[in-house]
Every structure is written in structure tokens, then in C-alpha cells.
């Protein structure tokens, strides 16, 4: 009887992989877990790395030389590397030893003939066209990847787990992936939580936490903050994660800080405001909810799962500065509403968005999919 699970990944996937690995150890104690990172595989096989980079220039060289793309982000999205990964997993992971394979993200196909295969991902390529402010020139993948390779990766999966209903819907509607094989399990959070017991919501401290200023709706936040200052001159805005050049009173730009230090800003804030234009899942929003913050964001990507309009915060349409200004003013005017939204968001986050909940959902779905002979007693 197979006694192992193969967990296949590339890097940390925004800290998701370490959390999922910990969950697999918790929810599948009857199996031996083997973690395989394809980044390390290339690192310790320099000849393969050189060949992989040559494949990148073969497929994307014109755009790279023109300055439109960078080579490293495409290392795992060429036809050549896909074939090498497929060959490797077929040779290394024997169905007689492994109960199933599990990969995160869809940059490669780690399925093995005759063995159940599962995927966890936060997005699809075609989902990008569902965003209202999406710029197609941002797509880094080749036409062949979008039309043939990515759909094949999905077809070879026994079941796919998604971080949001937005991504799940895209797989079903944009790729004809069977709905019964697509399951939304969400994500947990990536910071240790020490929620406040008595947050002073009248303090009017607005927080933005994001690395990509424009994609996260930063310019809209700055403009809305500028507009509300006449009515709320005592309001403050703190920006963590990026360093935009701004000339705004009562605005502090912190820039990038270690992950463990971000919690201090969540703890001190009274409103979380980040109207992301493109947002696959939105872990930062759940982190904000764990600190009982009312949230203003955009009706984009996976955010409607995490921010319930009128219950835990407000959702605007992407780019709607007028709506953002109105909702900011509303929360600044009503600290008790902030408290109500914060408490409701905290309950939602604990109910749906913890890594233990994700792990339990994945175990139940996998055990209901694999054959009894592949299950350990």
C-alpha cells in the first residue's frame, strides 16, 4: 500500500507553501511527506539551469531583448522545462510508493500516470481578463502556454483546490474544468495574531499594507485621503510595504519591513484601506480582519470572499475614488460602525480563513477522491 505523499512546489509561493506543508504534516500523519522544490532541483543541476535559461531566450528572447520581459520569471514557463519536469516526476514518483502527488501553483504539470494528482492555486491566467482594469500587456506567458499548456495542467488534475471563488469560477467557465472537481478552500494568514481587546476606533488611523502601490489601489487611497482631510484633519494614513513619493499631511510612508513587524501596524490601525485593482486571494485582508479592522477594498478577484459589503467593510468598484472617499468618510464619522464591522470580520476570518480549516478541507476532499487501496488505515 502506498505510504508517501509527494508535495511539489517552486519556492515559497508568498508563504503559502510553508503553511500548507505544516498542514499536510498535521492532517496526514499516517503518510510520509516528501517535499520537492523544482527551484532547488535547478540550483543543484547547473547544466539543467543553463539549458532552462536557453529555453527561456528561445521562447521569449525577442521580448527580453526589447526590455518588455525579464528572463527569471519565465524559467518555469517554457515548453522545454515542462517536458523536463514531466520526465522527472514520472521517473521519481512511483504509484506503488506514493498515494498521490500534490502541487502548488500551475507553472508546471507534476501529474503521474496512474496516480491521483491534486493542485492548489490562487489564480488562472484567463482570470486576468475578468478584472475591470486589467492591462493585457502585463501577461508574461506565451500564447502557447495560455492556449495549450495551462489547460492541459488542469485536465490532468484529479481535483483542484482554489484560494478564492473567483479563481474557481474562472477554471469552470474559462477552461471547462468540471465543477465537481473544483473546490474553494481559501487560505489562512501568514502572521502571528495577537488581536486587541479594546481598539480605539475613534483614533482615525488608516492603514495601507501592500508591496505594489498601483496594483493595490494606492493612488486611489492617496487621493481619497487628500479629499477627506478638510472634514477629518486629525485622520492619519500609514503606508507599509512600498515607498511612493507623496506630499500629504498626516501621511507616514514606512516602506518595506520584516513580516513579523507588520503586525504592529495592524494593531495600531483603526481602518484598513486597500482597494486592490487585481487581487487573486487577499491574505492581507484576512490579517486585517484578525485585528478587528473594518476594511475598505475593491470588488475585485477574491476580495468579495473576505470582505462582506455592509457587514465587515465596504467594497468599491476598482478605481472609484468618489466611492472610496465616501466610505472612508463614513467610517471616520462612525467609530461604532467600525467596531461592528471589525467584530464581524474577526468572526468571519476565524470561521473560514485559518490554515487549520484549509488543511481539514483538503484532507476531506483528497480522501474522498483517492481509492481505498491508496488510503492508510
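The backbone N, Cα and C atoms fix where each Cβ goes, and this holds for glycine too.
Note that the structure is predicted; figures quoted are calculated from it, not measured.
Features reported for this protein in TrEMBL:
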| type | residues | note |
| --- | --- | --- |
| DOMAIN | 202-347 | domain 'Glycosyl transferase family 1' |
Secondary structure content of the domain 'Glycosyl transferase family 1' (202-347), with strand meaning DSSP E or B: 61 helix, 27 strand, 58 coil
Average pLDDT across the domain 'Glycosyl transferase family 1' (202-347), rounded to a whole number: 97
